[in-house]
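Engineer: Relevant sequence annotations retrieved from TrEMBL are reproduced here:
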type     : residues                                                                                           : note
DOMAIN   : 2-126                                                                                              : domain 'Dihydrodipicolinate reductase N-terminal'
BINDING  : Gly8, Ala9, Gly10, Gly11, Lys12, Met13, Asp34, Gly97, Thr98, Thr99, Ala123, Pro124, Asn125, Phe126 : NAD(+) binding site
BINDING  : Lys37                                                                                              : NADP(+) binding site
DOMAIN   : 129-265                                                                                            : domain 'Dihydrodipicolinate reductase C-terminal'
ACT_SITE : His153                                                                                             : active site, proton donor/acceptor
BINDING  : His154, Gly163, Thr164                                                                             : (S)-2,3,4,5-tetrahydrodipicolinate binding site
ACT_SITE : Lys157                                                                                             : active site, proton donor
Amino acid sequence: MIRVTVNGAGGKMGREVVKAVHNDSELALVGGIDPTKSGQDIGTVAGIEPLGITMNSSVDEILGDTKPDVIVDFTSPAVIYENAKKMLAAGIHVVIGTTGLTAVQRDELDVIGRKHNANCLVAPNFSLGAVMMMKVSSELAPYFPNVEIIELHHNHKYDAPSGTAILTAKLINDAKLAAQVTADEDLTRESLPGARGAKVDDVTIHSVRLPGYVAHQQVLFGGYDETLTVRHDSLSRLSFMPGVVLACKKIASVPGLTYGLEHYL
Ligand SMILES: NC(=O)C1=CN([C@@H]2O[C@H](COP(=O)(O)OP(=O)(O)OC[C@H]3O[C@@H](n4cnc5c(N)ncnc54)[C@H](OP(=O)(O)O)[C@@H]3O)[C@@H](O)[C@H]2O)C=CC1
Ligand SMILES: O=C(O)C1=N[C@H](C(=O)O)C[C@H](O)C1
């Protein structure tokens, strides 16, 4: 059995991960961390029966002799980097769904993890459909170099743009660079600052935050008198669970830090 602790276990994603890990026959749920739910039973916090596991308040409390094999982290961009350094330095494999890590930070985590034989997966999106949306978008980019992303999320999201939009833009930019194509020069003027969104290299991203949405993204390609749109919708947070469970099972066999769930499929 693979022993798994959930960091951010009281959050929207954390509660789903607790249930998914608890329900999987190859995974053993051994702990949960969440500062404001410390002392409570992890099952009760997740909305199921009590599981006899008391929540801790910080990662520092679980790095001792009874440390898990894997920590799944869905916390906040504000804390992920410092926590990831601690978890990897303790020799624990870390599955990171939390957004906000920069490329430089990922490189630093790779070094720390390799030094302590701890592997790391940073996946901005664990849903299979979102991974396929990114793959298809990068394949289309050489043929349609004019492209903009619209990502739509619930209004409690910490960050903008989303981690998924940033990775999608990176994959599109990489594909365009390899094919030596660029977007037509953008002559549009902004009469209101921000109206044209944010740029990640050659790709524009627009972020929508509204109650009612879960996680959605459209990648819009413009061509010669035609357009092509790739759209993905996560209808609930269950959509991320097969990817998280797969990652917990596979992480011990993939050395170093991996960026993107596609490398685990
Ligand atoms: N990769 C993917 O597929 C997905 C990634 N995400 C990302 O996951 C992250 C979390 O999202 P979501 O679950 O919606 O957010 P929530 O705010 O619902 O959950 C985050 C939880 O982490 C807790 N927390 C905050 N600081 C710490 C800490 N230092 N140690 C332990 N726990 C802490 C929070 O506690 P408190 O509320 O008390 O502050 C909260 O319970 C975001 O970055 C989001 O973008 C989300 C969905 C899918
Ligand atoms: O905060 C969220 O909800 C989500 N965050 C991830 C992101 O930033 O891409 C994944 C998904 O879009 C849901």
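Just so you know, glycine gets a Cβ as well, placed from its N, Cα and C.
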Engineer: Are there recorded positions among Gly10, His153, His154, Gly163 that sit within 10 Å of Lys37 (NADP(+) binding site), Cα to Cα? If so, list them; otherwise say none.
Structural biologist: Gly10
Engineer: Where the distance is taken from Cα to Cα, which of the recorded positions His154, Lys157, Gly163 turns out closest to Thr98 (NAD(+) binding site)?
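Structural biologist: That would be Gly163, the closest of His154, Lys157, Gly163 to Thr98 (NAD(+) binding site).
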Engineer: I want the residues beyond His154, Gly163, Thr164 whose C-beta is within 8 angstroms of the mean position of the (S)-2,3,4,5-tetrahydrodipicolinate site's C-beta atoms, in chain order.
Structural biologist: Thr99, Pro124, Asn125, Glu151, His153, Lys157, Asp159, Ser162, Ala165, Ala215
Engineer: Using C-alpha atoms, which one of the recorded positions His153, Lys157, Gly163 comes nearest to Lys12 (NAD(+) binding site)?
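Structural biologist: With Cα distances computed to Lys12 (NAD(+) binding site), the winner among His153, Lys157, Gly163 is Lys157.
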Engineer: Please name which of the recorded positions listed here, Gly8, Gly10, Asn125, His153, Lys157, is nearest in space to Thr164 ((S)-2,3,4,5-tetrahydrodipicolinate binding site), Cα against Cα.
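Structural biologist: Sorting the recorded positions by distance from Thr164 ((S)-2,3,4,5-tetrahydrodipicolinate binding site), the top entry is Asn125.
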Engineer: Just name the winner among Gly8, Gly163 (the binding-site residues) by count of other CB atoms within 10 A of its CB.
Structural biologist: Gly8
Engineer: Give me the non-local Cβ neighbours of Ala123 (NAD(+) binding site): same chain, 6+ apart in sequence, Cβ-Cβ under 8 Å, ordered along the sequence.
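Structural biologist: Those within reach of Ala123 (NAD(+) binding site), by Cβ under 8 Å and sequence separation of 6 or more, are Val95, Ile96, Gly97, Gly243, Ala247, Tyr259, Gly260, Leu261, Tyr264.
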Engineer: Going by Cα-Cα distance, pick out whichever of the recorded positions His153, Lys157, Gly163 is nearest to Gly8 (NAD(+) binding site).
Structural biologist: Lys157
Engineer: Restricting the comparison to the recorded positions His153, His154, Lys157, Gly163, which residue's C-alpha is spatially nearest the C-alpha of Asp34 (NAD(+) binding site)?
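Structural biologist: Closest recorded candidate to Asp34 (NAD(+) binding site) by Cα: Lys157.
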Engineer: At the level of the C-alpha atoms, what whole-angstrom distance separates Gly163 ((S)-2,3,4,5-tetrahydrodipicolinate binding site) and Asn125 (NAD(+) binding site)?
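Structural biologist: Roughly 7 Å, rounded to the nearest whole number.
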Engineer: For Asn125 (NAD(+) binding site), what is the tally of other C-beta atoms lying within 10 angstroms of its C-beta?
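Structural biologist: A 10 Å sphere around the Cβ of Asn125 (NAD(+) binding site) contains 28 other Cβ atoms.
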Engineer: Near the Cβ of His154 ((S)-2,3,4,5-tetrahydrodipicolinate binding site), how many other Cβ atoms are there if near means within 10 Å?
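Structural biologist: For His154 ((S)-2,3,4,5-tetrahydrodipicolinate binding site), the count of other Cβ atoms within 10 Å is 14.
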